[in-house]
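Peer 1: After the structure tokens below, expect a handful of questions from me.
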């Protein structure tokens, strides 16, 4: 039997295994969701279920939040490093690619939001229900590995920023320890409600915007070159690696899972088609606004390093570790030393992305494994998965900038490998009428989405091929890589070809029970 509304109202803090077995993990409890119904609807006919209520600025404000949390993955330290290297090596020539990569990322994230709003369930939960045990376990492991790889980059980025702002007094491993404590800050913020948490992330994004805009103003990149770089596509063999990096670091596997869960923080009546369409409309607007902001911030970083280092001997040696020092040597002190401005922006990027990583980890683990744990325990487990390997990395690579750059290359490869295991299930699910109902995507959007997915996979495949062709030596290692590659390709083919097993009755009863819970 489907769970009753009373069962859905049980507290999140569970005291017994029997209680845990009776409940399913959900992204948000009913009491945590924000109510937007009834605002600016004096002329809306409540009986008209097929039509969305008229546009309201107040409602847009209440729906604003999930898109900006999602956009932080476009601004994490890994992306900033890709930006600065693209600017230093390719100048302004890849700005057009950054724009179109952001547009592709927006499409993927809108599909993720569509899945979460239309079904009332997030991607990890649906993967648990739709795939056989062995396949969903592989998907879960891949999602966790991608999250760990991303989190290592983010935590290391925060630790580098702390070292910059402390004038080198705080070593990398101590910065990692300080950053690890953010999970407890996260728990504290969660207790104050969703809107307070979203406000904190908005402040961190604003700090990034101000810091990098300040750098842009200090360095004064060419406005003409910037505009030409955005409007005129240009690519050469010398900049192909940076081009691949620009596209590859935009699509983050854990972010696809995250956004489908974040959109459930607003209460939506899934029996009312107009209400679902209304939520999709507002989420589309706020996600677009959020990624426009992230694109502008990325433009700031890319052009600052294009102005300062393009065509110089330092261009090929610049990375996240030494970028601040090179900026200081190039532009000097000024009103406020540019080294510290860079450090502040990098710290905001690192802290915000590690917090969203903690958030994503909770949804991924809870969704795939159907875990109903106390919040502090779930956050601690999620954090430990990333902090323990990050601490080991920090202790090993603390003294070598070159080693950290090599580590970053490996982490980029690690995340590139995982991309198909988020995108393919997403596209399969949003294309099925049994799951999405009337909100499944149409043939044209399906074709566009699959073309974007194939393009992203091919670009990341090129990155993998280039990386392994330089790093893999020896017959034994080569054989192992070939076997793993064959298994990897076979699983991707399986994900594409398999018709997702789905029970329409299960969908109806589950959606009905979720709706009843929300209305209580």
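Heads up, the Cβ atoms here are built off N, Cα and C, so glycines get one too.
TrEMBL lists 60-75, 95-117, 168-187, 199-217, 243-262, 283-306, 339-360, 380-398, 410-430, 442-463, 475-496 with the feature transmembrane segment.
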Peer 1: Pairs 6 or more apart in sequence, C-beta under 8 angstroms, 3 or more of them: is that satisfied by the transmembrane segment (168-187) and the transmembrane segment (339-360)?
Peer 2: yes
Peer 1: State, in range form, which of 95-117, 199-217, 243-262, 339-360, 442-463 has the highest count of Cβ pairs under 8 Å to the transmembrane segment (60-75).
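Peer 2: It is 243-262, which has the most Cβ pairs under 8 Å.
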Peer 1: Of the stretches 95-117, 199-217, 243-262, 283-306, 442-463, which racks up the most C-beta pairs under 8 Å with the transmembrane segment (339-360)?
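Peer 2: Between the candidates 95-117, 199-217, 243-262, 283-306, 442-463, the best contact partner of the transmembrane segment (339-360) is 199-217.
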Peer 1: Which range wins on Cβ pairs under 8 Å with the transmembrane segment (243-262): 199-217, 283-306, 442-463, 475-496?
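Peer 2: Per the Cβ count, the answer is 442-463.
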Peer 1: For the transmembrane segment (410-430), which partner among 199-217, 283-306, 475-496 gives the most CB pairs under 8 Å?
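Peer 2: It is 475-496 that shares the most Cβ pairs under 8 Å with the transmembrane segment (410-430).
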Peer 1: What same-chain residues lie close to the transmembrane segment (283-306): Cβ under 8 Å, and 6 or more beyond its ends?
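Peer 2: 60, 63-68, 70-72, 74-75, 79-80, 83-88, 90-92, 94-95, 98-99, 102, 105-106, 109-110, 113, 117, 205, 208-209, 212-213, 215-216, 219, 221, 225-226, 259, 263, 318, 323, 327.
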Peer 1: Counting only residues 6+ away from its ends, which parts of the chain sit with a Cβ under 8 Å from the transmembrane segment (475-496)?
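Peer 2: For the transmembrane segment (475-496), the far contacts come to 135, 138, 417, 420-421, 424-425, 428, 457, 468.
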